[in-house]
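For reference, TrEMBL has these:
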type     : residues  : note
TRANSMEM : A:20-41   : transmembrane segment
TRANSMEM : A:53-73   : transmembrane segment
TRANSMEM : A:93-118  : transmembrane segment
TRANSMEM : A:125-146 : transmembrane segment
TRANSMEM : A:182-207 : transmembrane segment
TRANSMEM : A:219-244 : transmembrane segment
TRANSMEM : A:283-302 : transmembrane segment
TRANSMEM : A:311-332 : transmembrane segment
TRANSMEM : A:358-382 : transmembrane segment
REGION   : A:396-417 : region 'Disordered'
Amino acid sequence: MFDDPLLLARVQFALTAGVHYLFVALTLGLAPFILFGQLGATLRRDEARMRAVRFWGGLYVVNYAMGVLSGLVMELQLALNWSGLSDMFGYAFGAPLAVETMGAFFVESTFLGLWIFGWDRMGRWAHLACFAVVTATAYLSAYWVLVANGFLRYPVGLRMEDGVAHVADPAALMANPSTLLAFGHIGFSALLVGSSVVIAVSAYHLARRHDPDRMFGRGIRWGTAVFSLALFPTVTAGGAQFALYDRTPPASGLTYGPAEIAAIEAGGRAPGVFDAVGDTLMMGSWGLMSLIAPVLLGVWLLRRLDRWRGVLWPLVVLPFLPFGASVGGWLLRETQRQPWAVEDLLTTADAMTDMTPAMAAVSFTLFTLAFAVLATATYVLLVRYARLGPEGGPLAPARTGGSDSGRAAANPPVHTF
Amino acid sequence: MEIIAVVLLAGLVAGYLVLAGCDIGLGMLMPWVARTRAERRRAVSAMAPYFLGSEVWLLGAVGVAMGLLPELKAAVITGMWPVFVALLAGWLFRDAGLWMRGRMRGRAGRAVCDAGIVGGSWTLALSWGLAVGGLLGGGAVLTPFALGCALTAAALFALRGAAFGAERLVPAAGTEGAGGRGPRPALAAESGTAGVPAAGEVTAPSTPTRHSTEAGGTGPAHAADPGGAADTADTALAADTAARATRPLARAALVAGVLAAGASLLPGGAAPDRPLAAAAAALMLLGLLAATSGLSGPQLSRHTSAAALASVPVVVAAAVNLPVAPVPDGSALLVGSALAPAVPFMVLGQVWLYRMVRRPAPAPGYFA
Ligand code: HDD
Ligand code: HEM
Ligand code: HEM
């Protein structure tokens, strides 16, 4: 394997993208819980609810860090390893990614910084507004990334000039059916991820009869409500994506004729086992989740949702289902496209930078190892803080009393030369 | 049309260098200026808002290059693949260290994070220098010229970090140690009231400093006493060390810059397409450095180091004909219309963030 740069680059991309998506899905899914939790706390001027926001917010930030680190590697990996893609499709594929980084991510990260550093320094409505911006730009970010990814899957709105693709119709690119359907499916499936994490963490603490400020009782109810509501939209949007499988993308034929396309596809389809695994993961876990949701709702009706240990303990592993389904979904989507990097227009082999095996091996080893270590560390931290509860989380308020009491009072002078 | 994209790109890179110079430079200097646990914590909490707010500029630049100037991106990034792999690795380890440090409970964990921060900062600074050298030298990065550029860049970043540290490493009033344990900011207080200190004052402060305590063997021994009082002492020594470093660093940058300029004349040196413009721009850079290393104290070095770093993209743009093609209408329309509504948020967020963190946080935050 180490002497085939193409295989290395593909495996590297798949691993990093998969890891990136695990963290991003939680970001997308958790953000609305924090936003509405903070809205409730702000409206009621409720310190207890604000402590809950700090707890979930701490998990959010730990998770966001890994989303950023892995996103960086993704972005630069596209630039370093997949230059064929930007040589031919730089304008069409690169433009939405440019909007993502410049517009969405720039704003998202800046306002998240304001939110983290602003806890004790800005008015409560301004602080809430910062997180509203963070939530909105997280979804905007996902949309623009999917414009780029939808373009690979279903190229539209193109014109070829001297072997370089130009955007002929920006509106068509933005309204690409592959993008919109995926965005819908991903939005709701991310809510499944977020709500199942909220449910699992709440269940863990409730099972141990640990419910400070009654925050985990609220958590499991809100989680269950969102979880149940997101199930059906997820399958509707997901099923709608099958319709695109038999459609030939509008831009097909710009680089290869139908006979050439058929020949390339005959030689290079990805092994069907990936499809099967992806399909099974998604539909199997959706099936299980659609059995679990009515149980939860029933227990809720009996008013035992925060008490029955027999129900609570198994819920701790609930997140494995939507996370598994998410990886499976991407496995399906990306391998379905093979042997194309851009459907019908550019093969994966041609999309890769000319690399020697040594270059590919260095990049693969370095980044895959770093990724494994970082992802494991982040995962360990997430579990640790989730189990620790609101006392001592990364955003927990400073303990009062003792030597710290003078600290908050003094507004320290700014030192300037 | 491409001129707008080029100006946007240069602006983003310049903004990145100026803002990130603070946190990269301070990260490079951590082993020297922040020796106690409290000092390291303070250094990291000074860097944290800056790295969060500054690396988005670089990603924005990568985005512009990918979406609007793909030929430039291909020529630059693909042409200098190893440099950018190193840069990415440094970036990754540094960010990982910064994000994780506050989460570590043990000494060893923090030490690993510190190693990531320091090593990553050095890697970033050196690879930026190599990249600039490679750009000016027509792609070759293992030439005396490119290495000279790398040293210049390292010194420039360190200078910016030292100037930043001199301002931000002063402990907030009311935190541990600031009141009693150590001397209040020595150099800091002097120059703050007396305006620009003369050279003599800068090198011979009247209050005890780290150098004098170490030389004399009295006073708090810093690293030698793990877990002891000295390890948690939180004094303004770090700020003073940083302030004192600005002059030698500016001189080092000047020397390295002159060496690089000399090496550019060697065969295999710089291959600028417009030598006159290149010479003028390089002179500007060196002049700024000379100004800092002259009579003024740390006070001016914040501005001169910022100007020197910001002039780097100008030097490159003036010297080399980079491959830029006209941006096609479709992409320009797409990016322009999608970006326009974001611009007010970008400006508001950045200005707000940097204004807010001018005041040290009242309580320990996420990062430290
Ligand atoms: C909680 C996660 C989750 C769950 C329960 C499901 N999916 Fe899914 N699915 C995803 C998470 C996901 C995903 C990770 O979000 C993907 C990857 C790419 C995308 O657009 O969404 C995806 C992709 C994806 C695709 C590939 C689209 C393409 O190749 O362009 C199809 C056809 C479906 N899904 C269909 C379904 C069906 C019929 C489901 C229910 C029975 C289902 N998904 C449940
Ligand atoms: C919007 C984001 C994404 C884009 C633009 C994208 C693009 C690409 C590209 C360029 C490749 C290499 C060429 C190829 O093998 O087709 C690839 C491969 C791959 N990606 Fe993605 N990808 C994205 C998201 C993801 C995510 C989130 C996953 C998560 C699991 C993923 C899974 C894979 C896999 C499994 C492969 C290897 C396919 C194979 O070699 O058969 N991708 N993708
Ligand atoms: C080719 C594939 C992808 C690339 C190049 C990419 C790029 C990036 C980058 C660069 C960042 C972090 C920015 C930074 O620190 O500077 C990021 C974060 C993010 N990405 Fe991706 N990404 C890809 C796939 C995806 C997918 C498939 C989604 C979701 C559907 C997504 C959604 C996000 C979100 C919401 C963030 C914000 C950080 C976080 O929430 O954790 N990305 N991405």
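Along the chain as shown, the residues are counted starting at 1.
Any Cβ shown, glycine's included, is placed from N, Cα and C.
Distant neighbours of the transmembrane segment (A:93-118): 57, 61, 64, 68, 71, 75, 78, 85-86, 126-127, 130-131, 133-134, 137-138, 140-141, 144-145, 147-148, 151-152, 167, 173, 342, 395; these residues of the same chain sit at least 6 beyond its ends, with a Cβ under 8 Å from one of its Cβ atoms. The transmembrane segment (A:20-41) and the transmembrane segment (A:182-207) are in contact, since at least 3 Cβ pairs between them lie under 8 Å (pairs 6 or more apart in sequence). The stretches the transmembrane segment (A:358-382) and the transmembrane segment (A:53-73) are in mutual contact, each linked to the other by at least three Cβ pairs under 8 Å (pairs 6 or more apart in sequence). Among residues of the same chain six or more beyond the transmembrane segment (A:182-207), those with a C-beta under 8 A of the stretch's C-beta atoms are 25-26, 28-33, 56, 59, 139, 142-143, 146, 149-150, 216-217, 219-220, 222-224, 226-227, 230-231, 233-234, 237-238, 240-241, 289, 296, 306-307, 309, 311-313, 315-319, 321-323, 325-326, 329, 333, 386-387, 389.
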